[in-house]
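**Student:** Below: one structure in structure tokens.
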Ligand code: CO
């Protein structure tokens, strides 16, 4: 990762222990394994990333060894291994056999399957029987799956299933045209068809699933939009040096890896020249997308976009003026293919400032108006996962707020159905075409360190007191604060009736009012799982059974549904760790917040959906003694503040 090419050498000299691996380090890590273990071309690398130093090592100030974490497997016998390689000494530090586990699916396998399937005579024949003969216009989308949905005869093999789509024109939208009822089961290690499932065939309805203007019949684009330009003649107000970012009293380090994509490290807020820690590390550690349609067409469709494919691997390059507007700084990301060869995603992360309307305002009868405009710092990246896109934004505000927003867009999965029927598990979006209901559960891993590591999570909710002598009008509202002391107590569900939220409190730090400093997680955008406890989805993704989980920090506890999610049967992450019922009181807590989209599909989301937006907030509660944004200056416009006013 680097701000521009050609700076790698210089950056290497001053590399911070949390900076992602550079291209040369990917190569060296892969080479070390290849040479030491005698890898041939049947060995593949599913994952290579920086092995981040544990917090205690980072805090000690000792020299931190530079290490890479690798997941690889042998395509001949299907065995998976996890390794740590020292990049300082080019040697293997650890080598661990992981029998029965399947590493994440790689982009290379996706392409190899697509290549092999379009040349397979049985597939060609099955498609021809449905009138699809131009194989160049066909797309095979490989999906991973797991649990009891995998047939016994395929257990232990590295397999996937595919949707089949086709384009009306060579450059038109494949997701406009599903090939219904035809599913392929593939052996990924051999890139070979195992089985064709031919469930049904529906006569294709007359639909319009194109979104690119050149393919939309009769589309006339609006012509009444005037230019809107954002200029910052003196440049942006943030300072980016290497991966370190500073803006309006905020400071942080920007990281990136194949699985989580963007990672924010060591987030702090400056007060009186001293950086007060807020979060040690924040990222998305899983995304679970079950389709709630039991039909043969969709019953396998539960995506784990982080664990199966990797948000980093799915990250796409951003374009100035389209994805990000204004005075932009981009960071490139470096990842690797399945042979271990590095490649660069140009402009993977966008960093910019945005005007955010009014921050605070009051109009005084005598003194006139005082208005301050809000500015926010935005770090974003976009991931395209086959038909869908996730746009992820972390926003930092001048008043100490942090907002994490996700926008889902792209193209919904659709199916056709026969004349005279109606789809029970989806919405009609076009002639005899429906988009199945589904849910997007995102797990944010929030290693908050509010004024230091020793924090307690407090469940905070509001209760109306009963009418009585002291409360004759029933007005009294009281706040109940319940410290969560164990991992069992840390399993929390949202309660709309009490407006429940969770505060991360530091009882060892006091504000000027004498109370503990804290940040509150405002639980917007959360949704219940709505699964029978016996459901295979819940068995694989126990995490979605609660809105929030709290664990004590452990460097190996990163993946809430387990490290190896591909083809998993049970969740070996949070449900297993929290069985220890460890203490989470006055300790280094990690919050796992589950939020997302309950996607009841709409006609307006076809053929391409405008963004569906969800977010959650982290807000200071007694972290400051008063509004920390009193010192934000008014804008140059003289109408924005009273005459004679101004910054104190
Ligand atoms: Co959706």
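Note that Cβ sites are derived from N, Cα and C of the backbone, with glycine treated the same way.
So TrEMBL lists these for the protein:
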- 23-94: domain 'AGAO-like N2' (DOMAIN)
- 103-200: domain 'Copper amine oxidase N3-terminal' (DOMAIN)
- 228-630: domain 'Copper amine oxidase catalytic' (DOMAIN)
- 305: active site, proton acceptor (ACT_SITE)
- 388: active site, schiff-base intermediate with substrate (ACT_SITE)
- 388: 2',4',5'-topaquinone (MOD_RES)
**Student:** Under 8 Å Cβ to Cβ from the residue listed as 'active site, schiff-base intermediate with substrate', same chain, six or more residues apart: give me those in sequence order, or none if nothing qualifies.
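**Tutor:** Counting only residues 6 or more apart in sequence, the Cβ neighbours of the residue listed as 'active site, schiff-base intermediate with substrate' under 8 Å are 408, 409, 410, 411.
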**Student:** Tell me the Cβ neighbour count for residue 305 (active site, proton acceptor), meaning other Cβ atoms within 10 Å of its Cβ, over all protein chains shown.
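**Tutor:** By my count, 22.
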**Student:** Which numbers of helix, strand and coil residues does DSSP report for the domain 'AGAO-like N2' (23-94)?
**Tutor:** 21 helix, 27 strand, 24 coil
**Student:** Is it possible to list how many residues within the domain 'Copper amine oxidase N3-terminal' (103-200) are helical, extended or coil according to DSSP?
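**Tutor:** Output for the domain 'Copper amine oxidase N3-terminal' (103-200) reads 32 helix, 28 strand, 38 coil.
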